[in-house]
Amino acid sequence: MTVLTVYAFLYGKAYLALSGIGAQLESRAQITSNAALQSALETQFLFQIGIFTAIPMIMGFILEQGPLKAVVNFVTMQLQLASIFFTFSLGTRTHYFGRTLLHGGAKYRATGRGFVVEHIKFAEIYRLFARSHFVKGLEIVILLLIYMVYGYEDSTVGYILMSFSSWFLAISWLYAPFIFNPSGFEWQKTVEDFGDWTNWLLYKGGVGVKGEESWETWWDEEQSHMQTLRGKFLETLLSLRFLFFQYGVVYRLHAADSSTSLRVYGVSWVVLIAIVLLFKIFTFSQKTSVNFQMFLRLFQGTVFVLLLAALALLIVLTALSFGDIFASLLALIPTGWAILSIAITWKPVVKRLWLWKSIRTIARFYDAAMGMVVFFPIAILSWFPFVSTFQNRLLFNQAFSRGLEISQILSGKPADA
């Protein structure tokens, strides 16, 4: 219920911002000095996730240990990043509880706990949490960015107060596994993890190939829960929410010139189809003769040059701006994910239409892009040695942390480093 409330809150805020209704209500509240309306519009979601859900625990501490020890224990837990851990576990329970309600098939899953200081590779973390946390975390980030760009808050402080807990939720879902992963920000481990992840992403599936070895096998396994017709219809209905971004953002582009005609929305679909065709052109690499390969590369290069020229002409001759290009990404990327999700849901139908191979190629591209978005901040933080040192002190006691650092120094770097 907490997560559903967050979604309803953010989609409502995004709707008010994109439709312009929020700005009109805000100005009307100021003109008429309507304090009740202004308070409703400035609703802040700062405390609902953290404080309200922590009240039972705080009251339990007070009853068992007294007020002073209760406060000390609660503050200590925050310093140990307990809120990040429990927010992440909230996402795990939400995802699998929701999947069971939609598709059924509840079953026990062994945790498979290993040695406490064992470093988990990025590819394994991605396989475990891509669908349950990373997709949903990035969806919340896009909603927050849209509200930041098109919202009607007068001050940065107001936006921060409104969105703090939502940003905390999104960041926890995206990066909690790496914060609590031993040596998660060690540079050498990060380099090795990236190579392992790219090999897994590009490795072809086949008979006997496990999901731990190939992205294609893992991708097929992730769809195995969609069995019932009821679940497929509900999954399709939920996937339609991603079309909201395109419908809202395209009317706020400078190129739309404040038009509310359906023609603007239709043109955005034409652009999306053109992008898909261009993607197919640039990813087409059939193994044939050398002469055909040369012709293909020449054709791809010509299309690329013409695309740049057309984009430059649109910027010069029309109201299209560079800001419109980035805004279009916020609009069209979720639409592509909606189409991808619906196609996966109705896999047999898509296979009969001979489109499954294209869907799989686009899905691989989405996973590659999402993995890079998640991995990039980790790589940046791994550049700074103090981040890894701070993580070791946070996860382990002082004696163990010192021993771990000494063992890393004595072990030295591998020969190929």
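Backbone N, Cα and C define each Cβ position, glycine as well.
Per TrEMBL, the features are as follows:
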DOMAIN    2-318  domain 'Glycosyl transferase 48'
TRANSMEM  6-25  transmembrane segment
TRANSMEM  45-64  transmembrane segment
TRANSMEM  70-91  transmembrane segment
TRANSMEM  134-152  transmembrane segment
TRANSMEM  158-180  transmembrane segment
TRANSMEM  262-282  transmembrane segment
TRANSMEM  294-319  transmembrane segment
TRANSMEM  325-344  transmembrane segment
TRANSMEM  365-386  transmembrane segment
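With Cβ pairs under 8 Å as the measure, the transmembrane segment (6-25) is packed most heavily against 134-152, out of 70-91, 134-152, 158-180, 262-282, 365-386.
When Cβ distances are compared across the two stretches, the transmembrane segment (158-180) makes no contact with the transmembrane segment (294-319), since fewer than 3 pairs at least 6 residues apart fall below 8 angstroms. Long-range contacts of the transmembrane segment (262-282) within the same chain: residues 246-247, 250-251, 256, 299-300, 303-304, 307, 328, 331-332, 335-336, 358, 361-362, 365, each at least 6 residues beyond the stretch ends and with a Cβ under 8 Å from a Cβ of the stretch.
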